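Taking it in order: structure first as structure tokens, then the write-up.
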Amino acid sequence: MAAAKWLIASLAFASSGLAFTPEDFISAPRRGEAIPDPKGELAVFHVSKYNFDKKDRPSGWNLLNLKNGDISVLTTDSDVSEITWLGDGTKVVYVNGTDSVKGGVGIWISDAKNFGNAYKAGSVNGAFSGLKLAKSGDKINFVGYGQSTTKGDLYNEAAAKEAVSSARIYDSLFVRHWDTYVSTQFNAVFSGALTKNGDKYSFDGKLKNLVQPVKYAESPYPPFGGSGDYDLSSDGKTVAFMSKAPELPKANLTTSYIFLVPHDGSRVAEPINKRNGPRTPQGIEGASSSPVFSPDGKRIAYLQMATKNYESDRRVIHIAEVGSNKPVQRIASNWDRSPEAVKWSSDGRTLYVTAEDHATGKLFTLPADARDNHKPEVVKHDGSVSSFYFVGSSKSVLISGNSLWSNALYQVATPGRPNRKLFYANEHDPELKGLGPNDIEPLWVDGARTKIHSWIVKPTGFDKNKVYPLAFLIHGGPQGSWGDNWSTRWNPRVWADQGYVVVAPNPTGSTGFGQKLTDDITNDWGGAPYKDLVKIWEHVHNNIKYIDTDNGIAAGASFGGFMVNWIQGQDLGRKFKALVSHDGTFVGSSKIGTDELFFIEHDFNGTFFEARQNYDRWDCSKPELVAKWSTPQLVVHNDFDFRLSVAEGVGLFNVLQEKGVPSRFLNFPDETHWVTKPENSLVWHQQVLGWVNKWSGINKSNPKSIKLSDCPIEVVDHEAHSYFDY
């Protein structure tokens, strides 16, 4: 047990005297959502911690006492990939990745109070996850998901025959999506049942594919779909799942439906909100999400956007009666926020929803029959909500969340009452020592068209009488935001503790401030958002004395990377000592190489061949812009980034080098749009922070700051001079 002490939060901090370092950031325990038992006494959650010495990330499962916040170890077995409550006291079902079936998983049953006394209920012949269970007579019905073959069988990669050729052949889109070349396998929801024999349950290994009978359907939908894409009714008889519209081109449109199907697969799944269908509200043909049955199984709530090719349209709550032909009802449809998840109260009268509001993921409640103009009420909690579950049959919910100052916040929230704190990681984990809300504050500035929000993040030991270089961090999306939540990649506090004051703006295009601000970036990528950033920089320069803009730096990823490339060719580019562009577009016309065409076709008001002028308008590679380049720039781009090809980063670096602009190219051949592997993440931080620290002067003012020389990776440098030195 001593080897697993990290699984339980330490009660005292180690006295290192150092600020929050990349090593602290990467090695801090990472905790998953806490799921309460049926009685609301205990909650189970996953935890892992990277070990730089051993180069591994052991994981396990903990129990959270919902009365006093105490944490205890349930298991240190890293092969246990998920645990869910059986619905019978403290009994649990878990999936173990090691099984007698090669490439399969085992379904095990145990008791949280005696976890070691587990027994195996059966095996699944392939990768399988996302268990949801409901009692149905003398059985426990369940659903989960895995990959399906074209014939409808659960795909087992380990048992698959090796192809005679590596060729890929396509007659339709997608060719590749996010980080993967699309294959003939696809995600599908499968159903099965646990049968009780005496005091034990068994599984016969038989699964029913509920998705494959609908040609071209897929659920959960990649790349980010999961168990939130489907639900099982409380009686275990009906399954709902979300799929992209099977009859429409998936790369061009976002339209998706909520399908209903019997758990036993006795009928083919049918959509309840098909485009132009008899039950679907007029004009509603966008993306659907978050299907969830009411407690009695008679209704289903889900979220849907209106626009068919816009992934960042406003979601609206919809409710449909199951087994009825009545029109689907829209709930609080005029609320100018975009819900992300929805759940029913135990009596079916109230809906609990999460939505981003002013850069914070908040929890709201509203009546299940709320009229169009109803404004949901906020439930008090700290930080941003990642997930929530009801505590027993009460109105209280267990929130798993985080913030800019803590990577895990477990708390109980009840409408109309103060929240009750159970466990905040920053108060226990040595790696997060010193982090807290006092170093974070909002900033509002008049932007190009409206007031624009930013976060100011200060370093450990901040002194208002001292001066700190500006770190101007630009978020991606572009329809995204810097929220009051923890990032495991771009974390403002890591930057601040190098010796900067971070300003993280939410310019035009950002989410959570009303749909108009989000929509206003359409066909205006380098317009209003750039003007917002200029005005924020000017406000900081003129009004905040403790921020040194003369030695400031700017950095961004994805859209933020584009904006850094755009800034390099604008007047604002001359205001920074260094720039960092991570996975940002460079050549306007290269956007046609992306995966999700609906994204660019919405944001640039047309297809590549019909609206070419819109793609070219915000082209960072225009000669008149390149002529202005002079600020040292680090370019980061990875091989498995299929959102925008690595050639974008190489091309950008080519021009910087030929222009004689101090520059460096950082590439990870095994990473995607994001850098997620721990050792790669450390190198990323060493290079990115080392780069800006060199040019901003931080290396001189803060001896403990990261230097480029801290990185052990050898630099490829075959030339002594720039091309134009000759």
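Every residue gets a Cβ built from N, Cα and C, even glycine.
Quick caveat, the model's predicted, so the values are computed rather than measured.
Copied over from Swiss-Prot:
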- Ser558: active site, charge relay system (ACT_SITE)
- Asp641: active site, charge relay system (ACT_SITE)
- His673: active site, charge relay system (ACT_SITE)
- Asn96: N-linked glycosylation site (CARBOHYD)
- Asn252: N-linked glycosylation site (CARBOHYD)
- Asn485: N-linked glycosylation site (CARBOHYD)
- Asn605: N-linked glycosylation site (CARBOHYD)
- Asn699: N-linked glycosylation site (CARBOHYD)
- 269-291: region 'Disordered' (REGION)
- 1-19: signal peptide (SIGNAL)
Relative to the Cβ position of Asn252 (N-linked glycosylation site), how many further Cβ atoms are located within 10 Å?
-> 15
Out of the recorded positions Asn252, Ser558, Asp641, give me the one sitting nearest to Asn699 (N-linked glycosylation site) by CA distance.
-> Ser558
What does DSSP call Asp641 (active site, charge relay system) in the simple three-state scheme?
-> coil
Which number gives the other C-beta atoms within 10 angstroms of the C-beta of Ser558 (active site, charge relay system), all protein chains shown included?
-> 23
Neighbour tally for Asn485 (N-linked glycosylation site), based on other Cβ positions within 10 Å of its Cβ | 21
Could you tell me the C-alpha distance between His673 (active site, charge relay system) and Asn96 (N-linked glycosylation site) in angstrom, no decimals?
-> 30
For Asn96 (N-linked glycosylation site), identify the closest of the recorded positions Ser558, Asn605, Asp641, judging by Cα separation.
-> Asp641
Closest of Asn252, Ser558, Asn605, Asp641 to Asn485 (N-linked glycosylation site), Cα positions, recorded positions only = Ser558
Give the helix, strand or coil assignment DSSP yields for His673 (active site, charge relay system).
-> coil
Here the Cα-Cα span from Asn252 (N-linked glycosylation site) to Asn605 (N-linked glycosylation site), rounded to a whole number of angstrom, reaches 13
The DSSP breakdown of the region 'Disordered' (269-291) into helix, strand and coil residues is 0 helix, 6 strand, 17 coil
Would you count the other C-beta atoms found within 10 angstroms of the C-beta of Asn605 (N-linked glycosylation site) for me?
-> 15
Spacing of the two Cα atoms, Asn605 (N-linked glycosylation site) and Ser558 (active site, charge relay system), in whole angstrom, works out to 20
For Asn699 (N-linked glycosylation site), the number of neighbouring Cβ atoms whose distance to its own Cβ is within 10 Å equals 20
Ser558 (active site, charge relay system) to Asp641 (active site, charge relay system): how many Å between their Cα atoms?
-> 10
